[in-house]
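> First the structure, which I've put down as structure tokens, then a few questions once you've had a look.
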């Protein structure tokens with residue numbers, strides 16, 4: 001993708017309750033064309049104890065969001081400098097395209113050649129890894145993306161900052177029709193300005209954006225009209241597909257895009273609950289008690305997308321980035337039948353060797369008595385289909 005500039009200013013069948021709309025004061029009324037809004041619909045009816053045990057989002061005295069668990073430690077400037085200056089970087093990404101093609105091949109996604117084949121009806125779920133935390137998920141007659149990142153750099157500028165060493169498997173113009181996009185948080189490797197502009201240019205107001213609390217204004221300044229902003233445990237749906245519920249669920253991370261906007265935007269994960277399939281997207285996260293809460297409330301999931309990379313050194317990264325063993329613990333807490341690895345093999349964002357995450361994942365799976373089919377790795381551009389009737393996987 002060409003250069004972009006970010007201005008910065010700018011299971012069973014369920015019975016759902018009636019919807020309650022809460023608009024921000026600066027939101028445009030639906031009749032005026034924009035459907036961007038704060039929207040909340042109370043989640044499924046739960047027993048009282050579980051409802052009380054759910055962790056809600058919290059703000060500090062300065063009005064900024066905070067992580068509410070003892071598993072979190074705030075990131076300090078001295079520790080950032082210690083990491084950048086004192087720690088050795090072992091990422092070892094080769095400069096040779098031939099070697100990268102051998103170790104991390106980029107496949108042409110099936111839908112580039114056969115766009116009419118995209119979409120899964122009734123029982124079944126298909127996931128395609130497009131690099132880093134970007135997935136195309138097809139389930140319950142919907143197609144949606146997670147944290148779309150198609151640019152060359154995860155940075156405010158396409159001239160500097162972390163550069164991807166594996167190209168996107170496809171362009172935005174080669175995607176099939178996308179119904180929705182899920183955004184987990186506002187870091188540059190997960191909320192990419194150029195990708196947002198390109199997706200909005202192609203799909204316009206037909207594309208529904210699900211974003212965390214605090215991100216609505218930024219999305220509107222990008223020209224996106226169909227934006228739904230949610231707090232933890234709030235839910236919404238795509239118009240015409242009200243049997244599939246998108247719930248914004250917790251994670252342990254942080255947000256920042258400019259010098260002074262630390263944690264003014266919430267971060268989180270996504271639970272997508274349909275009549276045939278259930279999918280979970282962790283986004284970017286450290287290990288925390290939230291995943292057990294999510295598993296108890298919405299599990300078992302058919303498939304979870306869990307990060308396994310950007311984890312070294314542990315003294316610094318463990319609070320914000322799960323390592324492969326943490327990822328397996330998250331897999332277990334979520335009560336998910338299968339998981340797919342994300343957040344590795346695309347950008348060198350931490351100090352582990354670029355090929356280490358899958359190796360460490362398989363070692364952790366063996367320690368926990370799980371197999372590589374329980375928590376699997378995809379090549380860039382590769383798809384896997386899950387029949388949610390008999391749980392049998394097929395590669396494409």
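The backbone N, Cα and C atoms fix where each Cβ goes, glycine too.
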> Same Zn(2+) 2 site as 189, 190, 343 according to Swiss-Prot: which of 140, 242, 284?
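That Zn(2+) 2 site, as Swiss-Prot gives it, pairs 189, 190, 343 with 284.
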> Region 'Disordered' per Swiss-Prot sits at which of 1-39, 40-78?
1-39
> Where the distance is taken from Cα to Cα, which of the binding-site residues 253, 256, 284 turns out closest to residue 190 (Zn(2+) 2 binding site)?
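Given the candidates 253, 256, 284, the nearest one is 284.
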> Measure from the Cβ of residue 189 (Zn(2+) 2 binding site) and count the other Cβ atoms within 10 Å, all protein chains considered.
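The answer is 24 other Cβ atoms.
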> Among the binding-site residues listed here (190, 253, 256), identify the one with the smallest other-Cβ count within 10 Å.
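It is 256 that, of the binding-site residues 190, 253, 256, has the fewest other Cβ atoms within 10 Å.
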> Taking only same-chain residues 6+ apart in sequence, whose CB is under 8 Å from that of residue 348 (deoxycholate binding site), what do you get?
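Same-chain residues close to residue 348 (deoxycholate binding site) (Cβ under 8 Å, separated by 6 or more) are 89, 91, 93, 162, 165, 354.
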> When you average the Cβ positions of 189, 190, 284, 343 for the Zn(2+) 2 site, which other residues in that chain have a Cβ within 8 Å of that mean position?
132, 133, 147, 149, 184, 185, 187, 283, 307, 310
